[in-house]
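Visitor: Pulled the feature table from Swiss-Prot, pasting it below:
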| type | residues | note |
| --- | --- | --- |
| BINDING | HIS78, GLU79, HIS111, GLU112 | Fe cation 1 binding site |
| REPEAT | 109-135 | repeat 'HEAT-like PBS-type 1' |
| REPEAT | 203-229 | repeat 'HEAT-like PBS-type 2' |
| REPEAT | 234-260 | repeat 'HEAT-like PBS-type 3' |
| BINDING | HIS236, GLU237, HIS269, GLU270 | Fe cation 2 binding site |
| REPEAT | 267-293 | repeat 'HEAT-like PBS-type 4' |
Amino acid sequence: MSTNFEKHFEENVDDCNLEQLRDILVNKEGKSALANRFRALFNLKTAASEFEANPSDAEKAVQYMGETFGDNSELLKHEVAYVLGQTKNLKAAPLLRKTMLDLAQQPMVRHEAAEALGALGDKDSLEDLEKCLKNDPHVAVRETCELAIARINWQHSDAPTKESLQQSLYSSIDPAPPLALEKEYDLEELKKLLNDQEKPLFLRYRAMFRLRDIGTDEAVLALASGFNDPSALFKHEIAYVFGQMGSTAAVPSLTEVLGRKEEAPMVRHEAAEALGAIASEDALPILKQYLNDEVDVVRESAIVALDMWEYENSNELEYAPA
């Protein structure tokens, strides 16, 4: 989910204490709309991230978010895993390891738990990540473990201090850093590296995030070429990146991917959310087409994306100069 989504949801919750936020998140009364559950989640994330200033509340927030892993919503659980990884709070690592290893959870949730462990840079999770890399029955989980292991090893090497990295416009902790600035690449070179299936996935992701940070329409088109890749994980990350970039140049390719009935749900759901984040006029009727999609995670993503679309466009009207 894009940082625009997060900003929206953080701004739209009335003042609640942690227990009230938990009750909304887990839908204790059975009446909480999905969008409000996301709002509660991102407010709990804020508390969990403040583990140095308020460790007690941070630990509670992690625990309360973890209660959601018993929910039926694949979309919500996957978002909880993502959020836990973004908190930088290592107290979340045991919960994420348990979720990653739980074969009763949906693969999309387990993949997100593995990615979150990479985002945390948790060395204590390397053993379990290696185990999943070798033995997990789902390709997307194995590929995510490969990335998470590479990211943790990169983070704990001297590379972060030696490499010159572009200051990111985005607040997210990504599955891989962008390619270092020491070497100059033109767009064609980055596109070629992005699509080279012989190269390590971590390196291809680094090319992806370098293209994201370039941010031009030409970079969008180069990224869109990755939608032809066989890896659902890879394609879902491109859709996520498009949601961050907010470029209308991505709308045609996202629309095409969302419409692929044979495509993996994790890819289609991310395409829907990206269209909501971009919030262009032509995205609205597209998203409405999927409000009754037969795939739960796609249908729920369309609901959340429309909530975001309406927010972005109402703000645009409200703040438009006279």
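Positions of Cβ are set from backbone N, Cα and C atoms, glycine also.
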Visitor: Counting a contact as 3 or more Cβ pairs under 8 Å, with residues at least 6 apart in sequence, do the repeat 'HEAT-like PBS-type 3' (234-260) and the repeat 'HEAT-like PBS-type 1' (109-135) touch?
Guide: no
Visitor: I'm trying to understand the geometry here, so how far is the Cα atom of HIS111 (Fe cation 1 binding site) from the Cα atom of HIS236 (Fe cation 2 binding site), in Å to the nearest whole number?
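Guide: HIS236 (Fe cation 2 binding site) has its Cα 12 Å from the Cα of HIS111 (Fe cation 1 binding site).
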Visitor: What does the structure give for the C-alpha distance between GLU79 (Fe cation 1 binding site) and HIS269 (Fe cation 2 binding site)? Integer Å is fine.
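Guide: Rounded to the nearest whole number, the Cα-Cα distance is 12 Å.
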Visitor: Cα distance, GLU270 (Fe cation 2 binding site) to HIS78 (Fe cation 1 binding site), nearest Å?
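Guide: So the Cα of GLU270 (Fe cation 2 binding site) lies 11 Å away from that of HIS78 (Fe cation 1 binding site).
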Visitor: What residues, ordered by sequence, lie under 8 A Cβ-to-Cβ from GLU270 (Fe cation 2 binding site) and sit at least six positions away in the same chain?
Guide: HIS236, GLU237, ALA239, TYR240, GLY243, SER301
Visitor: Tell me, if you would, which residue among GLU79, GLU237 (binding-site residues) has the fewest other CB atoms within 10 Å in the structure shown?
Guide: GLU79
Visitor: Mean pLDDT, the repeat 'HEAT-like PBS-type 1' (109-135)?
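Guide: Summing pLDDT over the repeat 'HEAT-like PBS-type 1' (109-135) and dividing by its length gives 98.
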Visitor: How big is the Cα-to-Cα gap, in Å, between HIS269 (Fe cation 2 binding site) and GLU112 (Fe cation 1 binding site)?
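Guide: Rounded to the nearest whole number, the Cα-Cα distance is 14 Å.
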Visitor: Counting by DSSP secondary structure, give me helix, strand and coil numbers for the repeat 'HEAT-like PBS-type 1' (109-135).
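Guide: Output for the repeat 'HEAT-like PBS-type 1' (109-135) reads 25 helix, 0 strand, 2 coil.
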